[in-house]
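A quick write-up on the structure given underneath.
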Amino acid sequence: MASPNGGVTTYDYHDSDSAAPVNAQTIEELHSLQRKAATTTKDGASPLQSISASLASLAREYGPNLVKGDPEATKGAPPVPIKHQQPSAAAATIAASDSSLKFTHVLYNLSPAELYEQAFGQKKSSFITSTGALATLSGAKTGRSPRDKRVVKDETTSQELWWGKGSPNIEMDERQFVINRERALDYLNSLDKVYVNDQFLNWDSENRIKVRIITSRAYHALFMHNMCIRPTEEELESFGTPDFTIYNAGEFPANRYANYMTSSTSINISLARREMVILGTQYAGEMKKGLFGVMHYLMPKRGILSLHSGCNMGKEGDVALFFGLSGTGKTTLSTDHNRLLIGDDEHCWSDNGVSNIEGGCYAKCIDLSQEKEPDIWNAIKFGTVLENVVFNERTREVDYADKSITENTRAAYPIEFIPNAKIPCVGPHPKNVILLACDAYGVLPPVSKLNLAQTMYHFISGYTAIVAGTEDGVKEPTATFSACFGAAFIMYHPTKYAAMLAEKMQKYGATGWLVNTGWSGGRYGVGNRIKLPYTRKIIDAIHSGELLNASYKKTEVFGLEIPTAINGVPSEILGPVNTWTDKAAYKETLLKLAGLFKNNFEVFASYKIGNNNSLTEQILAAAPNF
């Protein structure tokens, strides 16, 4: 191009978007340049040796040949397996399986981004939603299978655990556990790759548990990445042998003709071996709740109380525990933007204070809305697992009202996704222990102060009432009792946990409260639901200490102490009898509920702690009197 003075204009290309050729000879080399190598542990073989031991066949006494990394990523490169232990002379006569001749690739503690990629390549049912969450399916099972859960009954557990009527613990023997374990391992070892997570339970560093999860699905690995406490690189280097291991072979069925099996689904726990085996169900919640059951066994042995509760802390350091079954408002009332969230579901109470067991939240999603649950709504983003939700195939927007797959739709996300989460998830000793009940009979007070015996009684009872439809279309309340507000997960007799709760409350000066979030002025269909703003005022009065200085009067039958006045709450609703126009119907309904409490408690009445029955007698004295 000519310049104004007749010369030639030259161009300076340094400011343009041109560049030197890339330093790669093949497309594979270019791909390798795209991904910067991550830092590795000081001893790269160390976790593989430990994982190989975890995957070892009990019959052959040695683990598979393991290679770290995705088989696709290492294609063309010669595998460098770890050397497994050779079998003993006694095991040498047992024929080696074909799986010992192949390499199993271990994908170890992958990041969420890596697990997304694995999930997309592994299953047609994994998609990214419009907000960045991973939507996936859990297969035929969309909830837990409590009837298929088994616990090994041996000389120790036969004496320690709660067995029989009312207990969630269904027995199996050690031999059948080992058979199921071998079945799960044979399946996992036959795969080209398995996902392994090494993580922690319990934010109290003095009492945390090392857990290893071995699974065939990337979504399960991401789920547990979110739900357990995530180790740092330094902690992984010294992780060593886990305290407990889950073998999740849920894509492979159990043998329904084997002993103790009732279906092709089987969830087995051996407390002696510190292992859990999952067959025939891909529902991720089995892993979370299985570990919770294990914590219910291990922690009380250390003098630590494990609790199925929510927990938050005020600005002054006052901690509150919230217990309640589904529909009582536990999540709503424990989520308070004026207080820090320690956890939403599983906690420990030790001499150090309270601590969250988990590193994440597993929230229900059915009918989720931004207006009602903004924290959960905003937490559903990249890294979150959305289980069994329905979404628009083009926009990928989730329809949280759609129950086509199940009503039990769930979101699993790290607790850090909640803006007011307290990290680390620990706090001082609780000042208040709040037991929530949605009483659809309408006879329990909106709030009652409990003494220690009453706290133990209502904690063991774990009461709420649901509204169930009858054949003629009339809806009647149905009482529901779940010991310790989580009977499905406890290992010991409920009285043991109740005694530990009372001991810690007395030692650290906590007060017990029973809060009814249900009906007033009549049962469901006659009275009205207690307004949420009133319940929030009650909870605020508990947190502030206002109710400690209130005047109280005692109710009949249940013998509950109810305050005569609370700021912001109409005094007439504090006494249930005041709100019923039909006083005879009130008395009849009150006695009916009291009878249901007594009938439910019969299974607990004969349990002894120590050499006498004094504690149980003390608890029974707090029962309804009529």
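Glycine is treated like the rest: Cβ placed from N, Cα and C.
Database features, via Swiss-Prot:
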- Gly324, Leu325, Ser326, Gly327, Thr328, Gly329, Lys330, Thr331: ATP binding site (BINDING)
- 1-23: region 'Disordered' (REGION)
- 64-86: region 'Disordered' (REGION)
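Here the features listed in Swiss-Prot are placed on the structure.
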residue : record           : Cβ neighbours (10 Å)
Gly324  : ATP binding site : 26
Leu325  : ATP binding site : 21
Ser326  : ATP binding site : 12
Gly327  : ATP binding site : 16
Thr328  : ATP binding site : 24
Gly329  : ATP binding site : 20
Lys330  : ATP binding site : 22
Thr331  : ATP binding site : 19
